[in-house]
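Peer 1: Okay, handing you the structure first.
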Amino acid sequence: MSARTVKLAVIPGDGIGPEVVAEGLKVLSAVAPRHGLTLDTTEYELGAQRWHATGEVLPDAVEEELRQHDAILLGAVGDPTVPSGVLERGLLLRLRFNFSHYVNLRPVRLYPGVTTPLAGVAPEDIDMLVVREGTEGPYAGMGGVLRKGTPHEIATQDSVNTRLGVERVVRYAFAKAAERPCHKLTLVHKDNVLTYAGELWQRVVREVGAEYPQVEVDYLHVDAATMFFVTQPRRFDVVVTDNLFGDIITDLGAAVAGGIGLAASGNINPEGDFPSMFEPVHGSAPDIAGQGKADPTATILSVSLMLEHLGYADAAAQIDQAVAEDLQERAKNGGVRSTTQIGDDIAQRVAEQG
């Protein structure tokens, strides 16, 4: 691509977030000049520290500033000193909803040299892309409580599924399936119980699928899908599912592909009306924060996803190759490296590529 300046908002966040983000930026800085890419980064202090100091999670003015960027790189959000849900809903979900991040993209890939808990599984057996709907379902926040504190208390949490919301994420998933060699898409839901939502998803997949005759389509109940993630991971190529089911099966996917320390994600607005946000899926791990023990690989792979989204597929491929080489080296030689050492090694591999 031609020379370009990318405005990148950086949210290190809580716990190990600042440490892993620093290594992601290190690798990004190593690959960017090779592709005519100039970085204009702005760091935002959003997370537990800000909440304790001001009582705010994401001020409106800061949200407006974030809106002006091309992409957002997030480290981790969460702290035991903050009530559960305050940071998650106030920052993560707010950005997903307000920036229309209706695609949550989660690659599930077993790299050579990485250990999986599954017996008899090779790297070529686990290479899938989970496309999770990101702005609807039970996460929409609709519901309520009646007769709270009484023996007759009732709590409801509604799952919202709109035609618009389902169709746009299904279209994205079909487009991805059409690009990949296997040309296969699996819808995961629970339509035998969630009959109204399930029927909508099934109908939309059938209708959109008619536009992609080259893509093979199948369906699995979510409980069956979890079983096949473990027993037959090779049957999956692109998986499309709703917000809740996607949240669950992607963590299972991370586990079978070597652990959550290698799991990258993108919260994507495909049209580019808002900046997409990229983050490792692991938590803030406050128990090891500041000790140099955190593996930054998931953040580095999230940077790769970001570059691919921005149109720099070659740069993304260079990072993927460097990570794959580093993981093979780990398997061969073992040893313990610090967070910064892993970042240094991967950045050096990127710089040395021809």
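Placement of Cβ uses the backbone N, Cα and C atoms for every residue, glycine included.
Owing to the predicted nature of the structure, the values given are computational and were not obtained by experimental measurement.
Swiss-Prot lists these features:
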type    : residues                                                                     : note
BINDING : R96, R106, R132, D223                                                        : substrate binding site
BINDING : D223, D247, D251                                                             : Mg(2+) binding site
BINDING : G283, S284, A285, P286, D287, I288, A289, G290, Q291, G292, K293, A294, D295 : NAD(+) binding site
SITE    : Y139                                                                         : site 'Important for catalysis'
SITE    : K190                                                                         : site 'Important for catalysis'
Peer 1: Please give me the recorded positions out of Y139, K190, D247, A285, D287 that lie within 10 Å of D223 (substrate binding site), comparing Cα atoms only.
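Peer 2: Of everything listed, what lies within 10 Å of D223 (substrate binding site) (Cα to Cα) is K190.
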Peer 1: Quick one: pull the CA-CA distance for D251 (Mg(2+) binding site) versus R96 (substrate binding site), whole Å only.
Peer 2: 19
Peer 1: Quick check for the class: what is the C-alpha distance, in angstrom and rounded, between D295 (NAD(+) binding site) and R106 (substrate binding site)?
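Peer 2: D295 (NAD(+) binding site) to R106 (substrate binding site), Cα-Cα distance: 18 Å.
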Peer 1: From the Cα of R106 (substrate binding site) across to the Cα of K293 (NAD(+) binding site), what is the distance in angstrom?
Peer 2: 24
Peer 1: Distance between R132 (substrate binding site) and D247 (Mg(2+) binding site) at the Cα atoms, whole Å?
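Peer 2: That comes out at 7 Å between the alpha carbons.
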Peer 1: Of the binding-site residues listed here (D247, D287, A289), which is spatially closest to R96 (substrate binding site) when Cα positions are compared?
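Peer 2: Nearest in space to R96 (substrate binding site), counting only the binding-site residues, is D247.
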Peer 1: Applying the rule Cβ within 8 Å of the centroid of the Cβ atoms of D223, D247, D251, what extra residues of the same chain belong around the Mg(2+) site?
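Peer 2: Near the Mg(2+) site, beyond D223, D247, D251, sit V222, T226, L244, F245, G246, I248, I249, T250, L252.
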Peer 1: Rounded to a whole angstrom, what is the largest C-alpha distance between any two of the residues G283, S284, A285, P286, D287, I288, A289, G290, Q291, G292, K293, A294, D295 that the record assigns to NAD(+)?
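Peer 2: 16 Å is the greatest Cα spacing among the residues binding NAD(+).
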